[in-house]
Amino acid sequence: MPSPRIRKMSLSRALDKYLKTVSVHKKGHQQEFYRSNVIKRYPIALRNMDEITTVDIATYRDVRLAEINPRTGKPITGNTVRLELALLSSLFNIARVEWGTCRTNPVELVRKPKVSSGRDRRLTSSEERRLSRYFREKNLMLYVIFHLALETAMRQGEILALRWEHIDLRHGVAHLPETKNGHSRDVPLSRRARNFLQMMPVNLHGNVFDYTASGFKNAWRIATQRLRIEDLHFHDLRHEAISRFFELGSLNVMEIAAISGHRSMNMLKRYTHLRAWQLVSKLDARRRQTQKVAAWFVPYPAHITTIDEENGQKAHRIEIGDFDNLHVTATTKEEAVHRASEVLLRTLAIAAQKGERVPSPGALPVNDPDYIMICPLNPGSTPL
């Protein structure tokens, strides 16, 4: 019995058909749309499907892995190429069985790039302040989305899909009827999260946010470019939020998994790149309680400058950059350090009393005499 006749169809046309008839029914449709557009930029997209061989697929793989991402200036990651090959493999399987445009799947036998260990990008306190200020001034909706991500660890798609009828502000719960892993989830809303949501016009029904996935992606890209923040993805905020949950020390792994929606503990491990200084208090059980309190009152780097006052005298100004508007001025350096220590101590104590999160100490520039460490508990030990 002769083989069925192959219908000629270019890979580019097949990708378009796949997006319209198959991908459109998937949760990751938007991501597959982006990947499809990438693939169509390469010569392989002009070939008919039945002419594409394993060599062509391997060549595409190697070309992609050798390229530099123009946004980040870094090589295209193996995970990115794996996802593109997964799209092609799914396309060939559908086309082979249902469309008759090829007899084999050339992607199946090609080696896939190794899975990376995952991103461990953390949001710095400076980046958090700058983004928060930028969004607050430019767009209230972006401001709320940004802080909601840090408070809840929700994915971008979950936040953009929030509806008022699924949010219980009184009891502090946001219901997600459909998530990435196909299961519903109830997300606890902290007091800060509820306060941010209440900044939006509250309705009984409808979407909380008006952004589409592509619209928000563009807004995020513009913000990070204007603020010159490099290699920060919105999904990194989820990683940051989950890491902060671990750093609180009051939630166990199962509770954090219930909040984040992770159904695999192995997946959750990659989100736990905890800052070492916040784990010190657990190393000595005998001093655990003491160190738990002391962890709030750690030294912070500060910039010290000499300024001219209106009376013509010199003065010393100290600014602790990890906090907004935290600075002091005094006639002597010793007095300025002492005042800065007192102000820092008061700021940290108020935050501890209210249970508010404080920024982590930034890095101290190496061999820069204009930077010193301000100790809130012992100003006399602060190096001048």
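From the backbone N, Cα and C atoms, a Cβ is placed for every residue, glycine too.
The shown structure was predicted, so the numbers you read here are calculated from the model rather than taken from an experiment.
Quick look at what Swiss-Prot annotates:
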{"type": "DOMAIN", "residues": "9-96", "note": "domain 'Core-binding (CB)'"}
{"type": "DOMAIN", "residues": "118-284", "note": "domain 'Tyr recombinase'"}
{"type": "ACT_SITE", "residues": "R155", "note": "active site"}
{"type": "ACT_SITE", "residues": "K180", "note": "active site"}
{"type": "ACT_SITE", "residues": "H235", "note": "active site"}
{"type": "ACT_SITE", "residues": "R238", "note": "active site"}
{"type": "ACT_SITE", "residues": "H262", "note": "active site"}
{"type": "ACT_SITE", "residues": "Y271", "note": "active site, O-(3'-phospho-DNA)-tyrosine intermediate"}
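Residues of the domain 'Core-binding (CB)' (9-96) grouped by DSSP class, helix first, strand second and coil last, total 63 helix, 4 strand, 21 coil.
Cα-Cα distance from K180 (active site) to R155 (active site): 9 Å (rounded to the nearest whole number). The active-site residues listed here are K180, H235, R238, H262; among them, R238 has the most other Cβ atoms within 10 Å of its own Cβ. In the three-state DSSP scheme, R238 (active site) falls into the helix class.
Confidence annotation: the domain 'Core-binding (CB)' (9-96) carries a mean pLDDT of 93 in the model.
If you take the Cα of R238 (active site) and the Cα of R155 (active site), they are about 6 angstrom apart, rounded to a whole number.
It is 7 Å from the Cα atom of R155 (active site) to that of H235 (active site).
Separation of the C-alpha atoms of H235 (active site) and H262 (active site): 14 Å, rounded to the nearest whole number. If you draw a 10 Å sphere around the CB of R155 (active site), it holds 19 other CB atoms from the protein chains shown. Mapped onto three states, the DSSP output places K180 (active site) in coil.
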